[in-house]
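Data block below; observations after.
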Amino acid sequence: MHPAEVFDYEDIQLVPNKCIIDSRSEADTSIEFGPRRFKIPVVPANMETVINEPLAVWLAEHDYFYVMHRFQPEDRRGFIERMQAKSLFASISVGVKPEEVTFIDELATAGLTPEYITIDIAHGHSDAVIRMIHHIKQQLPNSFVIAGNVGTPEAVRELENAGADATKVGIGPGKACITKLKTGFGTGGWQLAAVRLCAKAARKPIVADGGIRYNGDIAKSIRFGASMVMIGSMLAGHEQSPGSLLTIDGRTFKQYWGSASEKQKGAYRNVEGKQMLVPYRGDIDQTLTAMEEDLQSAISYAGGRNLLDIRTVDYVIVKSSILNGDNY
């Protein structure tokens, strides 16, 4: 890999084109992803501190994509039934352990097909994930399967060839993830370059997962080939977010933790996520609307009308992280 190809979100600036719309409200931020079209290319991370059932219902009702977490496995079947009873799409997560294979069999026997299934493990380029893709496609052929997480073009090709309908890219770039520190592996610090390399190899959609700090990073993800952007910490801490409010020195926070943290595992085993407090951010509707409006502005700067027009713009590598002495 050539060193010039290694960059992250803060190292890139997109180059403006002549604007062809009179108002940013004319810009269309929607994206087709699987069998549906969504308002913006953003999905809250499938983490216990980011998504729960009431929020999943709200998101589905308002044309946003969601992926329910997999940390209450006994309730997943009921969740699918309740969502479909409301005429809403069901989008769940599974792992790769034997009981997950059994769960897929149970869904098939019951005639329950969730529209979206995300196979979600920390190191998704594995034989276990490939076997799980095969199994889901055999038992639930109409489910749209997102597989991950991966960080290389080879992984994307293998998972797509196994039958994945989309792949999720990102090994430890997230704020609550310390995989890069504990193992020495990951896409932390070059997540955007990893998205670019993976998207170039992909024939199917890419989900950029992790490392998003600002709304402009969503546009950068789209520019480098992502169709959907998964966001954790920026979509935690809202009124609708799971977790209790804490007030410290007059400031209000909510708890947030990574997907394999001690808090979640309940015991100290292979911990690759950390606990933190995020500032209370009010209503999630306002945050998502701001993301949509900033994307509309990005489309206007790109000289386009539609989201994917962002893919054609030039970019410069500014390496601000080096200039500023940032080392995360």
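Glycine residues also receive a Cβ, built from the backbone N, Cα and C atoms like all the rest.
There are 27 other CB atoms within 10 A of the CB of Cys177 (active site, thioimidate intermediate), with all protein chains counted. Annotation comment: Swiss-Prot describes Cys177 as active site, thioimidate intermediate.
Taken from Swiss-Prot, the feature NADP(+) binding site applies to 206-229, supported by sequence analysis. For Ile206 (NADP(+) binding site), the number of other Cβ atoms no farther than 10 Å from its own Cβ, over all displayed protein chains, is 28.
Neighbour density around each Cβ, counted as other Cβ atoms within 10 Å, peaks among the binding-site residues Asn215, Ser221, Ser227 at Ser221. Close to Ile218 (NADP(+) binding site) in the fold, though at least 6 residues off in sequence, lie Ile40, Pro41, Val42, Ile212, Val229, Ile231, Met291, Asp294, Leu295, Ala298, each with a CB less than 8 Å from its CB.
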